[in-house]
Amino acid sequence: MKLFIVESPTKAKSISKYLGKDWIVKATLGHIKDLPERSLGVDPKTLEPKYVWLKGKKKLVENIKKIAKNAQKIYLGTDPDREGEAIAYFLKEELSRVNGRIYRAMFYEITKNSILKAVQTAKDIDLNLVHAQFARRVLDRLIGYKLSPLLWKELTTKGLSVGRVQSPALRLIVEREKQIQSFKKKKYYYIKVDFEKDGVSFSAVFQQRFEKPSNAEPYLKKLKDTMFVVNAVKKEKSISDPPKPFNTASLQSEGSKKLNLSVSEIQKIAQKLYEEGYITYPRTDSYRMNQEKAQEFIAFIEKNYGKEYVGKLRNFREGRLSQSAHECIRPTSLRKKPKEGIELKLYLLISSRTLASLSSPAIIEKTYVSLNPITDEALEFFAEGEDLLFDGWMKIYGKEWEGKKLPELTQGDILKPKRIYIEERETQPPPRYTEGSLVKTLERLGIGRPSTYATIVKTLKQRGYVAVEKGHLKPTEIAFKVVDYLMEKFPSLMDYSFTANMEDMLDEIEEGRKDWKLITKEIYRKVLHEYTQE
DNA sequence: CAGTGAGCGAGCTTCCGCTTGACTT
């Protein structure tokens, strides 16, 4: 009998099928050890971390140990990334007491081939990766547990928190709010002319905007009772490429927008769909898709929509920080879907997005028309229209076409205006973040991981830093104070590229070029630098 | 005798990242 260990019980089930009878597959349910919650858990001098059992995990590992005792070989198949390597490390530390034949198996998708290959090519644990996890963990702990108490004292409020991820996230929200507060709305005016031709109405606007309606009046007088002539018509084809398939960030933002739910609710439903076998792993930063599956989906498109709707599997550049242990989020099969309710709705969003990503581009024709009043050629008016020549992926994704088509116009056409008037508009402040747009921004900046996006939002709410108002995130007064304080005392931590810089350092540890304790100390000192100078 | 203050100990918030099931109400 051989033993295979993974993180997720759902994965354990599928892998168990591939490996067959003389294998036992067990799941750790994520990390098994972590720093203690109620103390720092890091020696301030040596930076030596004190990892302790997570709740319930001692018992779980003891059970695995009993099986390990009698196993011919033990394969550690935790996720092929920094965190997964750390889990494997602690597993080995425990299991090697009863059995020395322990190997590290790496796989990037759950298919029979890749699992068998992982077993054949299994090697030893990569200590560099483990040390990078220590560095990441210790740094996050030091920042969180050393800086938070400074806030309690400074702002005499208990329960406030500072973190490598949450504090820059809060800064985004607070800075947006400041922009909104200082935004001065400005009115502006333009001259608009309504026409109608062949029963289709359209409008043209004057080349110039005005700050005051009185500035537009003289022009308006000139235009009284005049006819217009079409001076030029330009047509341009443009291509609208299909969207990428979903990863966690885009599923959370698109899902919460379309189904009107919070990002945590979306994540919860996705997790359920995953456990019930409807979709692939829901915590991923990757857009990769299994080749054979993509072929299967493309065949489905051809059969149900026709050849002209078939696109191709594209290779997307993964973000530099992407650790890519999993594929994109897609249906496991198109033959199996949930029966009803919100689960079905999210499933259908995922399946249509997946198919759309593999279908053909939409083709749009843009028309630009310029017109003059017959009485004055120097006054130019512009009209624009869009026509959908081919819907492509939009049909499959169910995206409604919003473009407006112009009537057929040719140079020299004479038109009688239906109405000439001044329209008032106002410049708009930038919008507040929604949960979804915040998650997308965090992903773009490389702040946080797919497994934590939803919790980041939750933490900011729990700390009383943000409130949800009409679906948008509004910072509270204490949030302003916290961000102002941190910006003054710890500017390098609040820099949006802090995480990216930290990742660079972790890369060096992973490649074995730097000692993890030295680097961790260096970064932490840099964060504290300005503060301790006083 | 009442009020004051020093000294001491107990009880305390907090991080990010990996994963769900086993608890209680």
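Every residue, even glycine, has its Cβ placed from backbone N, Cα and C.
These numbers come from a predicted model, not from an experiment.
In sequence order, A:Ser8, A:Lys11, A:Tyr274, A:His326, A:Glu327, A:Ile329 are the residues of the chain that are 6 or more apart from A:Tyr281 (active site, O-(5'-phospho-DNA)-tyrosine intermediate) and have a CB within less than 8 Å of its CB. Residues annotated as active site, O-(5'-phospho-DNA)-tyrosine intermediate in TrEMBL: A:Tyr281.
The feature domain 'Toprim' is assigned by TrEMBL to A:1-110. Look at the domain 'Toprim' (A:1-110): DSSP puts its residues at 38 helix, 22 strand, 50 coil.
The annotation domain 'Topo IA-type catalytic' is assigned in TrEMBL to A:126-531.
Among residues of the same chain six or more beyond the region 'Interaction with DNA' (A:161-166), those with a C-beta under 8 A of the stretch's C-beta atoms are 139-140, 143-144, 147-148, 150-151, 442, 447-448, 452, 456, 459-460, 463, 482, 486, 490, 493, 498-499, 502. Annotated region 'Interaction with DNA' per TrEMBL: A:161-166, in sequence order.
Counting every protein chain shown, the Cβ of A:His31 (site 'Interaction with DNA') has 18 other Cβ atoms within 10 Å. Residues or ranges marked as site 'Interaction with DNA' in TrEMBL: A:His31 (among others).
Mapped onto three states, the DSSP output places A:Arg136 (site 'Interaction with DNA') in helix. Taken from TrEMBL, the feature site 'Interaction with DNA' applies to A:Arg136 (among others).
For A:Arg137 (site 'Interaction with DNA'), the Cβ neighbour count at a 10 Å cut-off comes to 21, with all displayed protein chains included. The site 'Interaction with DNA' annotation in TrEMBL covers A:Arg137 (among others).
Per TrEMBL, the feature site 'Interaction with DNA' maps to A:Asp140 (among others). In the shown protein chains, 15 other C-beta atoms lie within 10 A of the C-beta of A:Asp140 (site 'Interaction with DNA').
Long-range Cβ proximity for A:Tyr145 (site 'Interaction with DNA'), meaning a same-chain Cβ under 8 A and a gap of 6 or more residues, is found for A:Leu40. Feature annotation from TrEMBL assigns site 'Interaction with DNA' to A:Tyr145 (among others).
Annotation source TrEMBL lists site 'Interaction with DNA' at A:Trp152 (among others). Counted within 10 Å of its Cβ, the other Cβ atoms near A:Trp152 (site 'Interaction with DNA') come to 13, all protein chains included.
With a cut-off of 8 Å between CB atoms and residues at least 6 apart in sequence, the same chain places A:Thr248, A:His326, A:Arg449, A:Pro450, A:Ser451 near A:Arg283 (site 'Interaction with DNA'), listed in sequence order. According to TrEMBL, the feature site 'Interaction with DNA' maps to A:Arg283 (among others).
Annotation source TrEMBL lists site 'Interaction with DNA' at A:Arg463 (among others). Around A:Arg463 (site 'Interaction with DNA'), the same-chain residues six or more apart in sequence whose CB sits under 8 Å from its CB are A:Gly159, A:Leu160, A:Ser161, A:Gln166, listed in sequence order. A:Arg463 (site 'Interaction with DNA') falls outside any helix or strand according to DSSP and counts as coil.
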Checklist entry - Rounded to an integer, what is the Cα-Cα distance in Å between A:His31 (site 'Interaction with DNA') and A:Arg137 (site 'Interaction with DNA')? => result 12
Checklist outcome for this item: Close in space but at least six residues away in sequence, with Cβ under 8 Å from that of A:Arg136 (site 'Interaction with DNA'), the same-chain residues are A:Arg82, A:Met502, A:Leu506
Checklist entry - What Cα-Cα separation, expressed in whole Å, is found between A:Trp152 (site 'Interaction with DNA') and A:Arg137 (site 'Interaction with DNA')? => result 23
Checklist outcome for this item: DSSP composition of the region 'Interaction with DNA' (A:161-166), residue counts helix/strand/coil, works out to 1 helix, 0 strand, 5 coil
Checklist entry - Three-state secondary structure of A:Tyr145 (site 'Interaction with DNA') from DSSP? => result helix
